[in-house]
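The annotation active site, 4-aspartylphosphate intermediate is assigned in Swiss-Prot to ASP354. As annotated by Swiss-Prot, ATP binding site applies to LYS519. The feature topological domain 'Cytoplasmic' is assigned by Swiss-Prot to 1-59, 111-262, 319-775, 864-898, 955-1003. The topological domain 'Extracellular' feature in Swiss-Prot is assigned to 79-89, 283-300, 800-840, 918-934. Under the heading transmembrane segment, Swiss-Prot lists 60-78, 90-110, 263-282, 301-318, 776-799, 841-863, 899-917, 935-954.
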Amino acid sequence: MEDAHAKKWEEVVDYFGVDPERGLALEQVKKNQEKYGPNELPAEEGKSLLTLILEQFDDLLVKILLLAAIISLVLALFEEHDDEAEQLTAYVEPFVILLILIANAVVGVWQEKNAESAIEALKEYEPEMGKVIRADKTGIQKIKARDLVPGDIVEISVGDKIPADLRLISILSTTLRIDQSILTGESVSVIKHTDPVPDPRAVNQDKKNMLFSGTNVSAGKARGVVMGTGLNTAIGSIRTQMFETEEMKTPLQQKLDEFGEQLSKVISVICVAVWAINIGHFNDPAHGGSWIKGAIYYFKIAVALAVAAIPEGLPAVITTCLALGTRRMAKKNAIVRSLPSVETLGCTSVICSDKTGTLTTNQMSVSRMFVFKDIPDDAAPELYQFELTGSTYEPIGETFMQGQKINAADYDAVKEITTICMMCNDSAIDFNEYKQAFEKVGEATETALIVLGEKLNPYNLSKAGKDRRSAALVVREDMDTRWKKEFTLEFSRDRKSMSSYCVPLKAGLLSNGPKMFVKGAPEGVLDRCTHVRVGTKKVPMTPAIMDKILEVTRAYGTGRDTLRCLALATIDDPMDPKDMDIIDSTKFVKYEQNCTFVGVVGMLDPPRKEVLDAIERCRAAGIRVIVITGDNKATAEAICRRIGVFGEDENTEGMAYTGREFDDLSVEGQRDAVARSRLFARVEPFHKSKIVEYLQGMGEISAMTGDGVNDAPALKKAEIGIAMGSGTAVAKSAAEMVLADDNFSTIVAAVEEGRAIYNNMKQFIRYLISSNIGEVVSIFLTAALGLPEALIPVQLLWVNLVTDGLPATALGFNPPDLDIMNKPPRRADEGLITGWLFFRYMAIGTYVGAATVGAAAHWFMMSPTGPGLNFYQLSHHLQCTPENEYFEGIDCEIFSDPHPMTMALSVLVTIEMLNAINSLSENQSLLVMPPWSNIWLISAICLSMTLHFVILYVEILSTVFQICPLTLTEWIVVLKISFPVLLLDEVLKFVARKYTDEFSFIK
């Protein structure tokens, strides 16, 4: 049934053909069960483990590595080996590659399994049982909630979880209050009624006659007819939205995917080229004159080239850097659930923030109040107007009047204000030892009045020597010695007030007999006020006094303050309780007559004190903050002015919309509104998702905050979903990040950390890529020039994973730039490598490759311990035979000597260490940013060199890597060949500082 909230309950009951007193007949129940299905959310069909594992290998770089491993394994199995050491070496390469791929897959599967929990977490809001009236049995019967069908008559009472979406048909108590915060984000429980809500487009917050599945009954008892079950409930539609939301890759993941595609194409071309260049050498004597053996030999070189070109250490280094970033964020109260989102934070351009609890404390607090000072006969009434500080439930704050700090106990009317706040109240504050914070017990507005009374402390009670909890309750405990509450007349919609009947326990200024203390909406209470309290006197109410009260109350409720106002009053001579019918709430208004007005208090959910600075930092960082709230527009605008989202006198036209106003716009109008607006008020969950969609369409990277079940679809859809630590399990499961302290300024700190991490990641990604270019150039040169192998695959794997991996990880500890939050966010499509940088790394890579090959050639041609070959002999080494006159007097076994390979590997490792020092800064000279500015990098370089010495000088390892120890003379040659890379990069950095080229190569 559409728009049940807009129809009379009798129409709804008729639609289902149900008698509200007897319920559905069994035939109707069966028919509806067949038609609508069970009242439960379908279980999530997760991907099988095999599917998840296979998905991890659906990546070009991974496929190339896998192919390289398989080919290496096949060659190792079928090739003849001279000795056991050579055979072991042949198997090391495929084994290590497979180990890397398996580790990568395990991490990926674990992350995906975690992400699937969001939809399952919704199940916790499904109630297990429901109380139903059905024609087959008399009275109320308890059944499983899953067996409820549309048309069932359900009874609910305090403490129950609503078992399905219901249309109220009768309220069986004075009032019915529902806590629907998980669904609508409202911070206070909502009073429900049975009257139609004539607006067919009403948002869930305004459907006061509807009860939603999964929400809780705070007070009262009622009956309703089931309107929706399973997926046809409000919570079911949220499940559908979450199910339909596709996971998006982060900007970095997209960049790396594109980089992988480009790299795979380049690798394919180079591998084919190397193989093709050497077709003429397939028949060389070294291959036994066999064309097939020669083809396989050069095929192995092509495989080695593929291994050299892929930065195998990159996934591990990125994961390590992100994991370290999450640890730093956790110290700032930002708990990251999804590793890739750490980097995404760095390019966040829009933060869509919930108001309640994120920008504000979600702890109602009285900030202003007034009482009468004097009412002269011939002049306007005079007021005492008080301002109070403190924005939490801890009763610490000061009282000011006209900017001057005062002692509230000096004013007689304050004693009466405090008495009404304390006695006409069913709530309290409690100290949570675990959180070391004060919390409300009961209603937020009533708790604010309790805190006000404790702050005012009108009898100057001493708090000395008391702990935090005891000091916060001194006024409450003192009040209990002065007054005894006999009964309460609960709040009702018709009179918009509540009252308590109290008797004095000891004599005092106010306690000269029983009194009724009244609080409620100003217009409702003032209509029943005949007098006004001025100090300790009672003055008759006049139209002028009434106008003054309404004028100041309106000022409190509008403009910058937009406070929620309550009028406080007393009845000095109440009716005898024997004459009151305290069961029938329709008569309460008769008992609350002849009131004496005492004062008005104005309260709000106050902004967090650190938010103003955080918003300013966002503005400096080029990040737009959009406030999205279920609260009304006026209140939201007032808070936005206080925290700096809007200026004090800024016109908000075109920059603030309600959900209804947004819906009324055309698609183009909605897009423009999202592009400009800074506030969306009175919105529903689907509005949040729609706003995220528009932002994504504009190329913005959005962070979305939320805490309720209703926020989960938008949290899942946004690039960064941010849940509150105090939020629901569903919101936390759907989010990438959880704020332990629910604080907006924590988001800004996390964005700063994200930017720093991205900058460092750029440095080590570029470092690793330039290293791989050097390795590719090295293999290409040896193959193209016909030189002996300078590096073999197992050595390349060692360099890529261990020797390069450690300094690359250490580059993640580079200190952040001081002006990191004074720059606009980077574009999501910004390239990892610009054209100029590509040229730089090609220049460095070419030097690395040439130096590596040169080191091996140096040993063959110029070393005192080498054979002293000429270039022709070196480049035609495969033609070496005892009969060949060009190789007369040369032992052909010399080409298998481990020395030249050791020289090449040592030069490669040393150059990479110097290259890591170059990567401390993209453009800054080492004279400005010396190596010791990152002590972790120095440690990593020392460790890498130590590991290199280990494989050189530990015999079993040197056998595996086919290398040997070097002499001091040979090490001096290694350093001479390696050192110029520092000078080369310094020259390139100097050119970059003078003439920067911004066009992007990898987009």
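Backbone N, Cα and C atoms are what each Cβ position is placed from, and that goes for glycine too.
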| said: Using Cβ atoms and a strict cutoff of less than 8 Å, what residues sit near the transmembrane segment (60-78) while being 6 or more residues removed from its termini? | reply: 87, 90-91, 93-94, 97-98, 100-101, 104, 257, 260-261, 263-264, 267, 296, 299-300, 303, 306-307, 310, 312, 793
| Counting only pairs 6 or more apart in sequence, are there at least 3 Cβ pairs under 8 Å between the transmembrane segment (90-110) and the transmembrane segment (935-954)? | no
| task | Determine which recorded stretch among 301-318, 776-799, 841-863, 899-917, 935-954 has the most C-beta pairs below 8 angstroms with the transmembrane segment (263-282). | result | 301-318
| message | For a three-state summary based on DSSP, what are the helix, strand and coil counts in the topological domain 'Cytoplasmic' (955-1003)? | response | 32 helix, 1 strand, 16 coil
| query | Mean pLDDT, the topological domain 'Extracellular' (283-300)? | reply | 72
| query | Helix, strand, coil residue numbers for the topological domain 'Extracellular' (918-934) per DSSP? | reply | 4 helix, 0 strand, 13 coil
| request: Could you check the recorded positions ASP354, LYS519 and say which one's CB has the fewest neighbouring CB atoms inside 10 Å? | output: LYS519
| query | Counting by DSSP, what is the helix, strand and coil composition of the topological domain 'Extracellular' (800-840)? | reply | 20 helix, 1 strand, 20 coil
| request: Could you round the CA separation between ASP354 (active site, 4-aspartylphosphate intermediate) and the residue listed as 'ATP binding site' to a whole angstrom and send it over? | output: 30
| the topological domain 'Extracellular' (918-934): which same-chain residues, six or more beyond its ends, come within Cβ distance under 8 Å? | 762-764, 766-767, 810-811, 813-815, 837, 844, 981-982, 985-986, 989-990, 992-993, 996
| said: If we skip the immediate neighbours and take only residues 6+ beyond the ends of the transmembrane segment (776-799), which ones have a Cβ under 8 Å from one of its Cβ atoms? | reply: 72, 89, 92-93, 96-97, 270, 273-274, 277-278, 281, 298, 301, 303-305, 307-309, 312, 845-846, 848-850, 852-853, 855-857, 860, 874-878, 895, 900-901, 904-905, 908-909, 912, 951, 960-963
| said: For the residue listed as 'active site, 4-aspartylphosphate intermediate', which of the three DSSP-derived states applies: helix, strand, or coil? | reply: strand
| message | Please report, as numbers and ranges, the same-chain residues at least 6 past the borders of the topological domain 'Extracellular' (800-840) whose CB is under 8 Å from any CB of it. | response | 96, 100, 251, 254-255, 259, 307-308, 310-313, 316-317, 320-321, 324-325, 346-349, 617, 620-623, 699, 701, 751-752, 755-772, 775, 909, 912-913, 916, 919-922, 933-934, 936-937, 939-941, 943-944, 947-948, 985, 988, 992, 996-1003
| field | DSSP-derived structure type at the residue listed as 'ATP binding site', helix or strand or else coil | value | strand
